[in-house]
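As written in TrEMBL, here are the features:
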- 1-18: signal peptide (SIGNAL)
- 1-106: domain 'CFEM' (DOMAIN)
- Asp52: heme binding site (BINDING)
Amino acid sequence: MRFPILLPILSFAILTYAQQACDAIAAELPSCARTCVGPAVLANLGCDSLEDYACLCQKGDLMQTLIKPCVVKNCGWSAVGVPKKAEALCRCVGEAGRGGEGKDEL
């Protein structure tokens, strides 16, 4: 049987598709908010990169505390939509990782 060989390939394809779906949602976050997550914030959170969505979502409360002043300053009124976009991203991460511990908020 060749099914054992197909399972890893199928799993990789599903994970790649899920990552692309989450990347598309992340791209909807305004650049004025993304610039607030610099190396110092990532180090404080213990996350490797801005694309480490699972880590960012798991540390959502701390991240909000760290970046909220910057987001409000940089984005002005457009900051109002940032939490909903972040929630959508974390839902995507949770759905993609089904076994992971992603939170529904960032």
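One-based numbering along the chain as shown.
Using N, Cα and C of the backbone, Cβ positions are placed for all residues, glycine too.
Unlike curated records, TrEMBL annotations are generated automatically.
Cβ neighbour count for Asp52 (heme binding site): 16 (other Cβ atoms within 10 Å of its Cβ, all protein chains included). Averaged across the domain 'CFEM' (1-106), pLDDT for the predicted model comes to 78.
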